[in-house]
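Asker: Questions regarding the structure given below will be posed in turn.
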Amino acid sequence: MTILPTDRFATKAIHAGAHVDVHGSVIEPISLSTTFKQTAPAQPVGQYEYSRSQNPNRHNLEEAVAALENGKYGLAFSSGSATTAVILQSLPQGSHAISIGDVYGGTHRYFTKVANTHGVETTFTNELVEQLPNLVKDNTKLVWIESPTNPTLKVTDIQLVANTVKKINPEILLVVDNTFLSPYLSNPLTFGADIVVHSATKYINGHSDVVLGVLATNSKALYERLQFLQNAVGAIPSPFDAWLAHRGLKTLHLRVRQAALNATKIAEFLTQSDKVVSVSYPGLSTHPNYDVVKKQHRDALGGGMISFRIKGGAEAAAKFTSSTRLFTLAESLGGIESLLEVPAVMTHGGIPKDQREASGVYDDLIRLSVGIEDTEDLLADIKQALDVSV
Ligand SMILES: *Cc1c(COP(=O)(O)O)cnc(C)c1O
């Protein structure tokens, strides 16, 4: 199917990378073959030779992700973490990187426990825009941001960061982890990012049954460098996982819109409750970065993630998270089903308490990943769990 530049999001989600095979199959078959026939040495029958280098299902997914992120090129990896690893491996030895402070835990771990052993040093800051001019060094090669952040949902003005970075040195790469919003709510490349990355494990696949990562870029040189590493490192998704993630992506717009509508109702309810200390949700006009949300998110939607502090400390948080009927207590996010967790003892348990609290992750903080169940049922679940725990 040819995608036109004028095609809108849902049309691209359904048709980008959806190619008809020799049988006319409307849905692409899963191509499990590890190798592809050649008619003469170095003369493959089609465009594929060996499945680590490229495979039809991965190729289709990469094409679809690029289309949804308004990028020219896409690449898929075995996980979001593998995507991060390959980008950081692409930096020359002796490079310096700057990262937003409350970055995803696995990304922080890679920067501080792996990349540094290959001679890449990272500076973390919670005041990225203000601090950039002071932090950039001669060897700074990359700036890494995540918006909204996890779990406190601070929103960063990507365009402002891009302008600031490029003014200092146009060679510095700006990478945005767009996992929490998905390509439906925001497209960082259009705000000046060089690379956008996703843990497709979350919203893009959306059904909590695949671990996979993707990136998109408009730079041919970057794409070729990263594709070379994708093949050299071999951290690639299986054809089945690529096929599943591509299937999931086709309903991304419906799922993310419903999750955001549900989350908005829940966030509004929590804001009114006297059992709640504070609520962080980018879709509320009271969010400190709402002016950025309005220009950076589709229809100013806040996404499906909420965090809030419950009255009664860690004890109330533990009681609440074991009292919900529909929200399952589990890590991860972005699936059709609602999940919840206590970051201080789960996803962010490895961070020392003082550092954790400095970025707002208190013992009473609860993170919700709002799914696409009926709004009223989810609201009733939150209400009854608050009633029994506070
Ligand atoms: C989950 C996640 C990752 C890591 O992705 P995996 O697929 O679990 O390796 C990276 N960034 C963010 C924001 C995430 O939520």
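Just so you know, glycine gets a Cβ as well, placed from its N, Cα and C.
So TrEMBL lists the following for this protein:
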MOD_RES   LYS202  N6-(pyridoxal phosphate)lysine
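Burial and contacts for the listed features, if you can.
Answerer: DSSP classifies LYS202 (N6-(pyridoxal phosphate)lysine) as coil under the three-state reduction.
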Asker: Excluding near sequence neighbours, so keeping only residues 6 or more apart in the same chain, what lies with its CB under 8 A of LYS202 (N6-(pyridoxal phosphate)lysine)?
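Answerer: Same-chain residues close to LYS202 (N6-(pyridoxal phosphate)lysine) (Cβ under 8 Å, separated by 6 or more) are GLY80, THR179, PHE180, SER182, SER332, LEU333, GLY334, GLY335.
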